[in-house]
Structure formats: C-alpha cells, structure tokens
Amino acid sequence: MSKILIRGAKVLGGEAQDVLIDGETIAEVGTGLSAEGATVIEAEGQVLLPGLVDLHTHLREPGREDSETVLTGTRAAASGGYTAVFAMANTFPVADTAGVVEQVWRLGKESGYCDVQPIGAVTVGLEGKQLSELGAMHDSAARVTVFSDDGKCVDDAVIMRRALEYVKAFGGVVAQHAQEPRLTEGAQMNEGVVSAELGLGGWPAVAEESIIARDVLLAEHVGSRVHICHLSTAGSVEIVRWAKSRGIDVTAEVTPHHLLLTDELVRSYNAVYKVNPPLRTERDVTALREALADGTIDIVATDHAPHPHEDKDCEWAAAAMGMVGLETALSVVQQTMVETGLLDWAGVAERMSFAPARIGGLDHHGRPVSAGEPANLTLVDTSYRGVVDPAHFASRSRNTPYEGRELPGRVTHTFLRGRATVVDGILA
Amino acid sequence: MKRHLISAADLTRDDAVLILDTAEEMARVADRPIKKLPTLRGLTVVNLFFEDSTRTRISFEAAAKRLSADVINFSAKGSSVSKGESLKDTALTLEAMGADAVVIRHHASGAPYRLATSGWIDSAVVNAGDGTHEHPTQALLDAFTMRRRLVGRDAGLGKDLNGRRITIVGDVLHSRVARSNVQLLHTLGAEVTVVAPPTLVPIGVESWPCEVSYSLDDVLPKSDAVMMLRVQRERMNAAFFPTEREYSRRYGLDGDRMAKMPEHAIVMHPGPMNRGMEITAEVADSDRCTAVEQVANGVSTRMAVLYLLLGGSEPAVTTASTPRTEESK
C-alpha cells in the first residue's frame, strides 16, 4: 500500500507534527517521522483537520441532475475539504423508500470523492401525512439513521411525535426543518425593517422558533433526540439553550451563510440571496456566532442547495431558494469564527467533523487524528486569501452568495481513507 | 435624475420638484387644441404589463403618445410570457426590438429593479407598480395633485409640500402606493401619518419616515389631505379584519368623518374605488374628492417622467407649437 507523509502540519491548529498515512489508515503521528517509501507533502504552516462531515447537503440526484449529481456534488464536497456528506431526501422521486436511498448510496460509492450517507424522508413524498418506511430505510444497504423532510417542516404535531418515538427503535434521529407553514405563506424574506421597505412577503422569526419550541418539548416528552436544521434566529438560540439546560436531547446546526450574511443584501433583489430559512439581521448573526462558540449550536452544516442559473436569474418571487456552500463553508467559518477569536481550529474540527459524524452516526468519520484511525483528513492553508470565483467551482451550480467576495483559507489536500481526492487545491 | 425610476427613494427633493414643475408645463399642453408635443418623436416606449391594469397602462400610453413616442403595448396575457417565457428573455426581446424606455408593471416586488440592474437591457426603466413594493409615478401624480390643491397651480411652481400633513389610510401592508407616497412626501417635506388596523401595518414600519396611527378619527382633524387606499375584500379571508362592515365602520371615510377634516383638506384615492368599503359614495362624489383629477394629473406627470428620462435637459415645451428639428434632438 502507498504511504503518504504529511510533514509539519499543525494538527487541529496545535503543534506542528508529522502524520504518516499507510494505506487507508493513519499509521503514526509524531515529529521527525521517517519519509522512507512515502510521498511527502510539505505542510509547514498549514492546519490539519479531520475530514469534514456535512450533515446537510442537497445532491439533487435523482431528479434534478441539471443542478447537481452525486458525482459533481461529491467533487464539490472534496474540494471543500469534506470526506462525508449526508444527502437530503427532497429528490425526485423523494428518498422515502429503501430503493431510492440505496440508489443514492450506490451512486456515492461509485463517485469515490466522498462518502455519501443518504437521509430518508420522514413522511411519504415529504407531505407530512404518513410516515415513510423508516425501518426499511434503516435496514437497507444505506443504513439510514437521519430522517428529514427538509425543505418542508413536519408541521403536524402528532406525526412529529410519532416519528421522534419510532426511530428510537434503531437509534435514528429526526432532523427538523423548522418552519410553521401558515406563518410563512407567501414568505419571501426575513420579516422586519427591510421586508417592510421592499414589499416582500415577511418570514417571521417566530415561524421557526415556535416549531423548535414545540419539538424540544415533544422530544422531552417522548424521551427522543431531535436535531434542528439550519437554525437562523437569536430566538431559536435561546430556545435551544434553554432546552439543553433542561437536559433535553437536542442538537442544532447553523449554515455558513447565516453566520455571515444579513437581509440587508436582499435590497439588491438579487435572488442569489434568496434562501430558506431567509437571511436574518445583524443581531441574529451575532447570536448565532456566539451560540456556535459556546456549544449551544453543535455544528456547521452547509445546506448546499444547487440551482441552475435560470432559477436565480429572474425576479425574486420566481426564484428558487438556496445557495451552494460546500466549497466555501470552511473559509466562511474561518472568517466568522476563527479570525474573530470565537473558535480555535480544534473547535472547528469539533463542529465540522467530530460532532456531525456523531449526530449522524458515522463510525469512520469525525475521528481523532491519531494512529490507527481512518485516514480521512483535510489540510488547510489558512494564510491564503482569495476572491471567490464560481467559475472554478466543482459543483454543477454557481449560485453562491460570495461571488467576488474575499474569503480566507484554502483546502490544499483532502484524503478519503488515505486516497487524495484533492491535491494542491485541485481535484485528483 | 437617475436613468431609471424604480423607487420614489431614487428622487431627491429637487428631482421631485423638477418633475412636478415639468408636469405643470405638460398639463398646459392638454389645454391646447392639439395636445401633442414632438419631443420624443422616433423613440419607442414599451408598456410591459404582467398584471392587468387598464388605468395605469392607458395613462402611460396617453403620456407617451402626447410626446410623439411610438408605443408598444406588451401584455403578459396572450403573449409568450403565458407560455413560460422568463422576464429575462422578454427583456432581451424588447431590447432587440429597440425599446428606448420600458414601463413595467409586475406582480413581483423588485422586478423593475432586476430589469434595470441585471444588464439585460440598456433602455430606461420606469416602475409602473411592482408587487407590494412601489408605484412611484402614482406618488408623483398624488404629490402633483396635492401641490395644486394645497399650494396652488402657479404659486406651487418650484415649491415642495413642506409642513403639509398627509394621512394615508388603509391596507398599508400590501400597498405599493403607500410605500412610494411615504417616501416621496417625506422627501417633499410633508408630515405623513399612515392609519390602518395593526394587522395591515408592516412589521418594520418603525424605520419609515412617518407616524403610525390606528385611529382615523384622531388624525382627521389634523390632515390637509387624506388618501384612502383600496382595500381588497379578500383580505378578510386571511383574517386581516373580521368583516367588511367592521373595516368600513372603523377605517372607512363617510360624510360624518369628512366633516371632521379641516375646511381646506382634500380626499384622495388612487382608484379603483371600493364604494361602500373604504369610501362612501357621498365622499367619493364630493368636490373635496380628487380621484378623477388624479387620473388627469397622471397623464401630465407621466409625460414629465418620460420626458425627463428620455428627452434630456432641454425644455419640454418651447414656444407654442414650434416643431423640434432633428438637429435639436
């Protein structure tokens, strides 16, 4: 088997060390390791992280291969430093049967760029009426443990309660897209000062917060765990903080864009800023950063949502919601969390690798960088500064809100079980 | 002035006064036997209407024709738009046909802004009402009407609406007329109060340059003009108010309420009126109601806007009927 020696990298941002990969495994971590028989990567000054894990990715296949496929999406993931992604269920057909999740799982295997763990739909057709065959999806080759109707909220309290209870039988978790549907009919952007001026339908924070409040109470009542997708408001942070203080088994994610962008950008009516949940206010951004730092929010998840150009190059109301994020997530986190002093790199590793793998039940990802562990690794040049140019994206879609924006950091190498998927910033 | 008219906020006080003064010049043309100026001869104005609006469309059409522009009416119904053509492709088509100005009415807030800023077309864009965002030419014609009535036709020239107290009543939440009027009237120095049930006031209104009141009766005695907005009956079904009758009782303008207004105060309505809902027939048909006058003023105001956007800085109306030569264009 081939050997690779990563020399002088700051492991999790700490002391410079050498890491020797032998085959699919980390063989040794230390200083002054022998390079004999190994390909050497000089990584002085760079930060070595465990391969990133994204709990919230839309790969669009099957059904919307014009915006992304499992292959292009996993290439984008590898470019962004990810070694595993969870593929959301809102495909066409919906991933609500063992057949569809196995198809996505198999396409992931074939891509070879990053592991793909399918998420199963909670309800048939994401319609919120009848539970999907959750057990069958868990028992399938895809071994589904995370279930979500993401894109839609499981708004019926009884269906949500039953789902939370049912998946306990096999250690599953329901990831809720918290959006009260009646309060968000016709909603186009965060409801507040900017929506009042722009005349765009308001999307009140309470539509998210009321569902989160209900669901943490349901989780407590039935003794289940619940995961909250893309938390976006200061009020949601307060509710999750309260729930955790009460011992409720809740985890939560925040997207990179909600850590950086605000609804002021909507003044451009540029639909690249249209996203669900919507961009909020500066006050929310500050609360989300603090919550991610203090652990109230457990992880960063991209909500990578590719859309073809024509679905964004139009009037706001007609545009699709969502942003691509896999290839810029780490840079946004570096800018908003590391360079602000809120997190160190070990903290980033926890929130972008260890914790998401734990929540999603992945055994071979999100592991420590130490001997005997799977060689899923990401090497980051944190001193890099560059302007985002979507023309260079591996994703099939270009709907990034960061075009033309300078962001720090660049993934130079990604290793999936010892195989380099990215070398010197270029897909292998 | 900017190249486009998308929002009333695009206009400075001087821009707005220039438009109102120019509109007065245009209004004089309407009194002539031949109501036509050669100013925009050879230029093409496209009325691009994605939403039914006969009134606004014919107002713009009359304005462009009186300035001798060629007018193309493009209605979304019966066109390729109804077959799924995008705004972008429609824009590219108009550009290819050589439109010099596009007057757009669209159900989506921000569509005119996108049209003007996305690089799809080079022509000037005039917002003729977008979703629940803005309707700047309506605000201009309203301001024109107020200045004439409250300051004076000739006395008003060069003046703004400094210190005038304007009350806007009704469905402020969904009203593009209200948004544009609040902006423009503030720019012109007026003191604006919006009056509506709390359900029809947008969250975030505190950033608007106006006062907010839930009580019409409190505000009427302190108003120089009261603008009644059209309230759609369908709003009742979304629980914005309990019944039409209750709305009418609390926020409708009837003869008794009108009597509480100062002697000189006027009643305005952008039309079409819901008689019996926000305004009674008695008020609508009274001398104090300017609804019909507003329609006439709409043509003059839109002539002024098209002229200033397309015609440049030369005087619009020179001596009585001197046709402009090609060289002077």
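Cβ atoms here come from the backbone N, Cα and C positions, even for glycine.
Bear in mind that TrEMBL entries carry predicted annotations, made automatically and left uncurated.
Among B:Arg28, B:Arg105, B:Arg165, only B:Arg105 appears in TrEMBL as part of the carbamoyl phosphate site alongside B:Arg55, B:Thr56, B:His135, B:Gln138, B:Gly271, B:Pro272. Taking the Cβ of B:His135 (carbamoyl phosphate binding site) as reference, residues of its chain lying under 8 Å away and at least six apart in sequence are, in sequence order, B:Asn127, B:Ala128, B:Gly129, B:Arg176, B:Val177, B:Arg179, B:Ser180, B:Pro270. Distance from the CA of B:Arg230 (L-aspartate binding site) to the CA of B:Arg105 (carbamoyl phosphate binding site) is 18 Å.
Counting Cβ atoms from all protein chains shown, B:Gln138 (carbamoyl phosphate binding site) has 27 others lying within 10 Å of its own Cβ. Between the listed binding-site residues, namely B:Gly271, B:Pro272, the fewest other CB atoms within 10 angstroms of a CB are found at B:Pro272.
The binding-site residues under consideration are B:Arg105, B:Arg176, B:Arg230. Their Cβ neighbour counts within 10 Å are lowest for B:Arg230. Same-chain residues with CB within 8 A of the center of the B:Arg55, B:Thr56, B:Arg105, B:His135, B:Gln138, B:Gly271, B:Pro272 CB atoms, the carbamoyl phosphate site residues themselves not counted, are B:Ser53, B:Ser59, B:Ala128, B:Gly129, B:Val177, B:Pro270. For B:Arg55 (carbamoyl phosphate binding site), the number of other Cβ atoms no farther than 10 Å from its own Cβ, over all displayed protein chains, is 13.
According to DSSP, the domain 'Aspartate/ornithine carbamoyltransferase carbamoyl-P binding' (B:3-147) comprises 67 helix, 27 strand, 51 coil.
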